[in-house]
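S.K.: For B:236-257, B:308-326, B:403-424, B:444-465, B:477-500, B:528-547, B:589-612, B:633-657, B:693-720, the entry in TrEMBL reads transmembrane segment. Annotated domain 'TMC' per TrEMBL: B:519-630, in sequence order. Residues or ranges marked as region 'Disordered' in TrEMBL: B:786-809. Here TrEMBL flags B:790-803 as compositional bias 'Polar residues'.
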Amino acid sequence: MGTTTSHFTQDELQEYSDLTYFTKKEIVYVFKKFSELDPDLVSSDKYCRIPKEKICQMPEMKVNPFNDRICRVFSTSRNFDGSLSFEDFLDMMSAFSDQAPKSLKVEYAFKIYDFNEDDLLDAEDIEMVINRLTGSAEPLSEKEMDQLLKNIMNEADLDDDKQLSYAEFEHIISKSPDFLNSFRIRI
Amino acid sequence: MNVYDTELEEHPIVTQQHQNYSTNGELGYQGYTPAAVYQGNNELDRDDDPYQLYPQDALLRNRMPTAREAASGIEEIIMEMPSRTIGRGMGGHIGTMVNATLARRSASRYRKRQLVTLGTFDGIERPNDEIQELYEELADEQTGEIDNEELRQFPVSMAVKKQVRSHANENREKKKSRTVGSFKIWRYNMSIKWRHFKQDTKKFAQNFRLWQQDLKQVEGHFGTGVSSYFTFLRGLFLLSIPSFIFNFAFISLPQLLQQPNRTDPNITFTGEELLTGANWLTETIMYYGYYINGTIEAIPGSEYDMPLAYLLATAGYFVLCLILIVRTTASSFRQNYVDGRSDYNNFISKVFCAWDFGITSETAAKLQHKTITTELKEILSEQRRSGESRDFQEKLKLFSLRLLTWTLYLSLTGGCMALVYFVNDFLLDDIKKGLGGIVILEQIALALIVSSINLIMPIIINLLTHLEKYKYPRHEIYIAVFRNYILKMGLIAVICAFWTDDELKSTSNDNNGSATVECWETELGQEIYRLVIIDFLFTIFFATFCAEFLRKLLVLLLDGKEMCRKLDRAEFAIVNSVMDLIYGQTLCWIGVFFCPLLAGIVFIKYFFMFYIKKVSVMQNCRPSRKRWRGGQSQTIFIGMLLLSFLLSAIFLCVVVFREVPSTACGPYRDQDRSYDVVVNLFNSLYATSSGQWFATIMDIIFSVWFLYSVAAGLLVWAVIKSSEAKGYEELVRSLRAQIELQGDDKQLLLKWLQSTVANQNGKPPPTGGAFQGGKENHVVPILHHRDSAKSTPCPSRSASARNSPKHDINAPMTGDVLTYVDPQHVQASHLVGERMMATTSFSNPSQISLRQREHKDPLLHKALANQQRPRSMFVEGVPSSYDTQRRNSFAGASVDLEDLDTETVYEEILSDPNGPSPLLLALSAKVQAEKSQSSERRPGYGRGGY
């Protein structure tokens, strides 16, 4: 651990620890995981950005149907290429950690599911979510999709505008007991 | 105008709100009178009463209203929006409260949401004012400090958080110079220190989290369902650590220091005691009977009162467990159950909470795709079928079936309990006859029987429950769990009842012949010890080794054979495993009084259990084909644990307060009741002169009046809390209604817009719905560009769009033509774009670059085809009396309904330097005209309501 600790000063670690839900030890561990994604790049420059493709090699991300969205949401890259710096990566792991509160998770979940990034979940977004969830092997028929979308809107769309605003999404998700369990990646 | 009125009449909420308004107005309700809203909203026009200054004949005189008129018109529009009238509808204080809270919360929430979307790109320093804004939102008003917790919860990138922090550091110096009372500063410092301390301890504890990697591994392969079993196990393990230390330190350790002589020194340790818990182990610190009834003076000069310590330590252990369990239950309940009506958000959680983000293995991921699909399809077909209710004959059949299964279950459970009782009775005779010649098998016979029942009965119960054909799988699980629980508790209850039976003790007291049980407490302790051990071995051997490992071997052996294609590796039985854990923990609580070291044994058991189960799961099991929704069932499990705990506590209370202790053994051999040691303690304290004050306090505490007042106080507190909860419920309902009414606002505004535009064009307004067909209409829906593939910097774009609706209305239009048509014109769909371009008379076509796009949204298609509200609309026609410049800003405007919030429309009017948009002017003119036409009683916009 001695080698990885030396990548950051104590002050830096303290700051990261203050701003995330991790302890210093865990931050060092997260950095280890980060550098494993692309050891050469990280060893030459710890502020480097790891491209999306490499991030998606992480076991959790590899099988995740929303991996590109997750990269996109957490990336602060100027080119919008979904590449993650260590700070972005830390942000991501912190949001997915066990300790992160529901409010933060809901916020990020909303961003991830908002494919067209208009700050609203419309039928198009939700259809995309469902399609990715069911996978390409056996998608829902058009009729089923129709019915499902209608049901979702019935449940969540309080103001009847056929789109879910953040408030509506938060309202309905906060009633879903399974959300916290599912929206979690252990480090 | 007629059409307009009919529309209003069709709008039940508007009509109703008007009536409510009049009644509340008479009651003197001030909060929402038009004037109040008017003045509150616009300070500029405070002195002018718009109703007097501007005669309501704008449209009759056929002149365009000025900006100011438009503004006042818009205010009226806003005022008359359904959502604005909610306070009236609800009357009095609730209305005010709701609206005040709503305003406060939504303002803060809105600001936060706005700030969240600040573009946060690599290396680009954010402008200072944005950081400042964020800082002000987060910072403490008095000290300028930023709480880390607050900052952590803010979903912005690390770079922005860092900037805000450094900004805070700069500002703190400035703020400090302000004069604040020293006490206040001290209090603030203390509260900050306390917060830091709490955070630090939390993070410190985080370093010692147990089995984190194992849990991750399990979760990666099997999802959250299986890992919830392991977290439950881990929780019990952690609970057993302090319990063991507590019991050992206060009960066993003192006794170890001063060991009484054994009655029979010839008995030696042979090894079989570990299984039976008898013989040599009987006279060790393991059991109740070994503990002495005097004081321990191992350390010179100190007296340790063993009976008292024994009772108090056990009580302390229970209090400790109670605190820990209640805390967990409460937090789990809060997380999973508060307002979580599960039927209500069925679809949402099946979509948005479907994916386990923690999954790492590809097979698990593939399976999860499949599971989700099947589940969605199932629930959809179920919904389609739900219309067909079961007919009488089927109901009768189902009823008789369930009656049968219940009878079967109850008789089986009763049979098992009876079996245990008679076996116990039968064995007791042997035990009475002579302690020497009992073989091991006889000693552990009862435990074997109970464990076998526990192994077999759950399978039968699951089968029976499955036969009952419950509509939802969830109900099936709950009912099976409930039956399982009753059975297990029943078995434990029989054993406890047997050993605490008065008859048993009377025989021991009579001392006639050799038929005596010398120490029933130790006997019960041994029985429970055996149950714990045998149950552990059964779980390892049958549930893990046979059902999982051997099955896997069998599958590997027969791999590919035709006959056994259906045979596959076992799925991990979450429910039964968790039930076993609850059963084991209940045994531990029951037995701890009779066998103080049981907590330690359980501790070791859990430790091995975790690793054995984990290895078995990883090696032998396959991921479940059914999705396990852990949230609520976890709460149920914890709730059952709490119930078990309470039952055990009640049982032990009965033992301590009511049962006669054995006369031959244990710390209470010379007492009538175990509880007497406490009474004696008080008596001795009363006797001393210094204990006088103590006696007085005790008298007060145990006086009837004091107890009554405490009970009354608790009752009052409960009533207050419950009414508070009801109040919050009410609040939630009102807020919900408010949101729904906001939706109606949009609807209403849209209708006005349509009829206004239609009137301006001199064409007849559309009747009823928004869009008729797709052919002749002059209102054509446009979908804003929503292409996720395009790599526009979206966060900043959407932020600016939200901040200034102007941007949307006046910007050159780039968008997709949504090729919708009504169902009769499906073939023409690809032509719509062209037709629209041809029939549209834009004043400045260069502003428009439309891209044709295929219609892929079935819902939208249906919405449009069925003449429901569209998501956005496009206005083509422009009246000729407008000047060209205005037309430019008007034509090509795409009004996104999401942006057409009443507030933003209003702001738009006031803030636009070019004057109000003609569209809105026209709208306001229409409102004015409506008002003049309506009766003179009070301002309104239609006759429909009265």
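Glycine is treated like the rest: Cβ placed from N, Cα and C.
Have a look at these and tell me how they're positioned relative to everything else.
M.R.: Same-chain neighbours of the transmembrane segment (B:236-257): 210, 285, 290-292, 296, 298-299, 304, 306, 309-310, 312-314, 316-317, 320-321, 324-325, 581, 585, 588, 592, 596-597, 599-600, 602-603, 606-607, 610, counting only residues six or more beyond its ends whose CB sits under 8 Å from a CB of the stretch.
Within the chain, the transmembrane segment (B:308-326) has long-range Cβ neighbours (under 8 A, six or more residues past its boundaries) at 239, 242-243, 246-247, 250-251, 254, 291, 589, 592-593, 596, 599, 638, 641-642, 645, 649, 652, 656, 667, 674-675, 677-678, 681.
Residues 445-446, 449-450, 453, 457, 460-461, 464-465, 467-468, 483, 486-487, 490-491, 493-495, 498 of the same chain, all 6+ positions outside the transmembrane segment (B:403-424), place their C-beta atoms under 8 angstroms from a C-beta of that stretch.
The list of residues near the transmembrane segment (B:444-465) in space but at least 6 beyond its ends in sequence, with Cβ under 8 angstroms from a Cβ of it, reads 275-276, 405, 408-409, 412-413, 416, 419-420, 423-424, 427, 476, 479-480, 483-484, 487-488, 491, 495, 527, 530-531, 533-535, 538, 542-543, 576, 579-580, 583.
Each residue in the domain 'TMC' (B:519-630) has a pLDDT score, and their mean in this model is 85.
Counting residues 6+ beyond its ends, the transmembrane segment (B:589-612) has Cβ neighbours under 8 Å at 211, 214, 230, 233-234, 236-237, 240-241, 243-244, 246-248, 251-252, 285-288, 310, 313-314, 317-318, 321, 492, 496, 521-522, 524-526, 528-529, 532-533, 536, 539-540, 544, 644-645, 648-649, 651-652, 655-656 in the same chain.
Long-range neighbours of the transmembrane segment (B:633-657) within the same chain, counting only residues 6 or more positions beyond its ends whose Cβ lies under 8 Å from a Cβ of the stretch, are 228, 232, 311, 314, 318, 321-322, 325-326, 328-329, 332-333, 335-337, 477-478, 481, 485, 489, 496, 500, 575, 578, 582, 585-586, 589-590, 593, 673-675.
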